[in-house]
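Q: Have a look at this one before I ask anything.
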Amino acid sequence: MSTKEKLISHVMKEEPVGSRSKVTVVGVGMVGMASAISILLKDLCDELAMVDVMEDKLKGEVMDLQHGSLFLKTKIVGDKDYSVTANSKVVVVTAGARQQEGESRLNLVQRNVNIFKFIIPNIVKYSPNCILMVVSNPVDILTYVAWKLSGFPRHRVIGSGTNLDSARFRHLIGEKLHLHPSSCHAWIVGEHGDSSVPVWSGVNVAGVSLQGLNPQMGTEDDGENWKAIHKEVVDGAYEVIKLKGYTSWAIGMSVADLVESIIKNMHKVHPVSTLVQGMHGVKDEVFLSVPCVLGNSGLTDVIHMTLKAEEEKQLQKSAETLWGVQKELTL
């Protein structure tokens, strides 16, 4: 008799039980690992699968996390074979090519499209009912690509979008007012990154509109220069990259925030990237961030934001830029 047999006597033969809340992270780079640890520490799933083409890095990261199993409640698995991801509820895609020095954005996009042509069909094969969350950049275009390649309905393909931009925005407003970010209600919509749109008309604390107190807020004529905050939001990522080489923690926490709303069916409103054709005067098939309701079925509803004419115009301009890039892609 083995030690195990001497120690344990079976009462019944256990049937294999599938995971009830499995999450997969594709890509074990800085963003993938920050997302993984954020999901683990928030205890959002009973199984976390990780997949990447870089076998040694993947194996090392999985082992490192598994060594902390005592401190977690989640089963952690990893393999370069996508079968390890089977029956995931949410699949987070962080994999993608990095921008080379002097490389055009369009060229980077096409390289990432080619990577997605391998990743997305594999996800669909093993988790045909999952909710796809795209984090790889440029996120709005790649969410469109994932939607096209997956054949999924639009409510099951979500881009992490401006969830992080809005978090940065609220943090900086909080710094200026000496308040916690959760008490500063503010939204950034549109394209994630350089041409994002801050909705100054909606910024409020305890229901008090800041633009009501300072009608010039967010404009060039504002003596308090609130507009600089949005510039800080846009420059924030570049600043972090300059200082530490990449961004990871905040985007990882942002991903876990979105995963939580889906897994726990919270019906919470987040600014995430979705198909905005027909909204705010957008005519083309593009994905941009608007406030959306996230729950167990994915993206269930879109909130109709009241935007000023100037804000709407910025949104349409972003849409045109994205469509210009998308129509050149070979899918």
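Using the three backbone atoms N, Cα and C, a Cβ is placed for every residue, glycine included.
The NAD(+) binding site annotation in Swiss-Prot covers 29-57, Arg98, Asn137. Swiss-Prot lists Arg105, Asn137, Arg168, Thr247 with the feature substrate binding site. Residues or ranges marked as active site, proton acceptor by Swiss-Prot: His192.
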Q: Which of the recorded positions Asn137, Arg168, His192, Thr247 has its Cα closest in space to the Cα of Ile37 (NAD(+) binding site)?
A: Thr247
Q: Out of Arg168, His192, give me whichever of these recorded positions has the highest number of other Cβ atoms within 10 Å.
A: His192
Q: Least buried of the binding-site residues Met33, Ile37, Leu41, Cys45, Ala49, going by other Cβ atoms within 10 Å?
A: Leu41
Q: Using Leu41 (NAD(+) binding site) as the reference point, find which of the recorded positions Arg168, His192, Thr247 has the shortest Cα-to-Cα distance to it.
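A: Checking each of Arg168, His192, Thr247 against Leu41 (NAD(+) binding site), the shortest Cα distance is to Thr247.
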Q: Check the Cα-Cα distances from Cys45 (NAD(+) binding site) to the recorded positions Arg168, His192, Thr247 and tell me which is shortest.
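A: Closest by Cα distance to Cys45 (NAD(+) binding site) among the recorded positions Arg168, His192, Thr247: Thr247.
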Q: Could you state the whole-number distance in Å separating the C-alpha atoms of Thr247 (substrate binding site) and Gly29 (NAD(+) binding site)?
A: 11
Q: Check the Cα-Cα distances from Lys57 (NAD(+) binding site) to the recorded positions Asn137, Arg168, His192 and tell me which is shortest.
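A: Ranked by Cα distance from Lys57 (NAD(+) binding site), first place goes to Asn137.
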Q: How many other Cβ atoms sit within 10 Å of the Cβ of Lys57 (NAD(+) binding site)?
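A: Counting Cβ neighbours of Lys57 (NAD(+) binding site) within 10 Å gives 13.
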Q: Using DSSP and collapsing to three states, where does Lys57 (NAD(+) binding site) fall: helix, strand or coil?
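A: SS state of Lys57 (NAD(+) binding site) = helix.
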